[in-house]
Amino acid sequence: MKLLNHTSKYLAIILVPLITIWAFIFYYAMLDEIYDSLDDGLENQKVLLLQRLPTNPEILEHKDLELWSHSITPVSKTYHDKFTERYSDTLMFMLNEKDYEPVRVYETKIAYNDSYYKVKFITSMVEEDDLIQDLITYLIVLYILLMISIVILNNLMLKKIWKPFHSLVSQLPNFRIEKNHQITTKDTSIDEFKLLNASITTMVEQSRARYLEQQHFIENASHELQTPLAISINKLELFLENTTLSEDELKTMASILDNLGRLTRLNKSLLLLSKIENRQFTDEEDIDFNLLISSITQDFEDLASHKHIRLTIDAKEQLNFQMNKDLAIILLTNLIKNAIVHGQQHNTVHIVIARNLIKVQNYGAAEPLNAHYVFSRFKKLSSDKKSTGLGLAIAKAITEKYSIEWNYEFTTQHNFTLSFPDGR
Amino acid sequence: MKLLIIEDEPEMLENMTQTLERQRYIVETASDYKTALYKIGVYDYDCILLDISLPDGNGLELLKELKSSGKDEGVIIVSAKDSLDDRLEGLNLGADDYLPKPFHMAELHARVKAVLRRRHFEGNQQIKLGNLVISPESRDVKIDDLSVALNRKEYDILMYLITNKKRLVTKSALAEHVWGDHIDQADSFDFIYSQIKNLRKKLEHATLTIEAVYGVGYKLELV
């Protein structure tokens, strides 16, 4: 859920009890005020009555409560003395509404010319059920209006405020340290976002510097290893020529030479990998992949027939792509070699070429490879001691350079698919 | 044939000198830019092996110097830095070949021999070895005047072994030379054996043999 909607959600939830409690308080406060003012009015009528009585004695004849809104009943002195005035609510039939409506009744006493009277005043009162209903309706309207304005405000204002944040966050998933991606930050006046922008920029710069340092370290280390390796291998080769050795000694020498060869291959692969990642292959040309694949498969014919693997090419369409020729050769060599080396004896390695697509299929281990590790460096899938564990990592680095998509799937065979982007 | 090796790493220099002297070349050495410049200026060589990174200068400068003084020695650049730029620049400046370290001694012979052949128009000359006659131009192989049909790889193996005749050629050196750089990560070099077997069969009547040196490689011997 978005942050925007999150705040709106909580506001929506908290507003319900808030408005409800407020409604109760408001309702009772209002009602209290209404009673107060009604009672004041009733009392005022009593004062008025007493004032008018000397000039209008016929008032004492007013018995019809409904007509005059007051009635005067003569009472005895004892009743008068004991009587305490009171307010009460009651219902009265209203002719216009044709219904019983609430009225406020004020019962009091007066003494006039040694006569004692009980006086009853009434006044029409607010209809509580109507009031409550109205109150609820208006509150619902208020609630809706509040929510609408909150959402609008969130969407317009907060969205604008959070813009630098969103712009930053949307760049992060596509950030690749090995590519020369830049993170662009939007100018902002908000301190928190300023801090965030500055931190991310520093972090990216530092990480990239470390990454390049590491790359250069690998490259330099590999370079420095070449000469001692060359000296060792050549010294051994000369020693083998100059000396007559027994079979056992020869075996030992062969094993030393083999391992030095492995070291050399590993070193070359590492160097190649860092060169690809350092973008040192800049020359590009239009590569005819159909031609390239058939020439590479010819090179592998001997290795394949030694393993009793049949290499078949199914060129459905012509595939051309603009890239560095050396890298194209390395990419396909590694891919095809991988299929042959891990392929099953007495079976096929099948290469399909279609528009924008190359697929290499081989039979092998009867279970899918872990797709996460296939392209990892030094992730060897077999106990094969001659493989460097870098072949597919190199191929992956090449495809990443040219935005070629990799796909691995397992059916009854292992399928490696390269999908070339359009328009190259 | 007179060669000059320009290389600053003493042990590397010693290896190269030793192996090339055994091929009956006259080998002179220079281990820094100054000495190399002097020797190039004073003497003539048939082929120069040039290391690019020298302690007191860049080998490519030496190459420029050489070419600008109108000398047409064969030059093979030897470098620990297998960089595309250096390779291109070197070849553009007139080097004949580029050999990245580490390399096999057999490969060094083959490259030197190839350069010398090209330089001295030996390409047209036939190579005779016992009763075997090879015409490099047409890739034609004859035993006692009878043509032997060799496929491309068998021919390449034979030529490589002849270039390094009577010397040990390791399996990996052979594989890298004949099958290219990329085969070198293949799981084993055993697939070479079947090609050697075929070649031996075809050379049955030749007065030379391809001997297997147990586990290590092969050696071509004249009978």
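Just so you know, glycine gets a Cβ as well, placed from its N, Cα and C.
Feature list (source: TrEMBL):
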| type | residues | note |
| --- | --- | --- |
| DOMAIN | B:2-116 | domain 'Response regulatory' |
| MOD_RES | B:Asp51 | 4-aspartylphosphate |
| DOMAIN | B:124-222 | domain 'OmpR/PhoB-type' |
| DNA_BIND | B:124-222 | DNA-binding region |
Once near-sequence residues are set aside, which residues in the chain of the residue listed as '4-aspartylphosphate', 6 or more away, have Cβ atoms under 8 Å from its Cβ? B:Ile6, B:Glu7, B:Asp8, B:Glu9, B:Gly59, B:Ile77, B:Val78, B:Ser79
DSSP-derived helix, strand and coil totals, residue by residue, for the domain 'Response regulatory' (B:2-116): 54 helix, 29 strand, 32 coil
Residue counts (helix, strand, coil, in that order) that DSSP gives for the domain 'OmpR/PhoB-type' (B:124-222): 39 helix, 29 strand, 31 coil
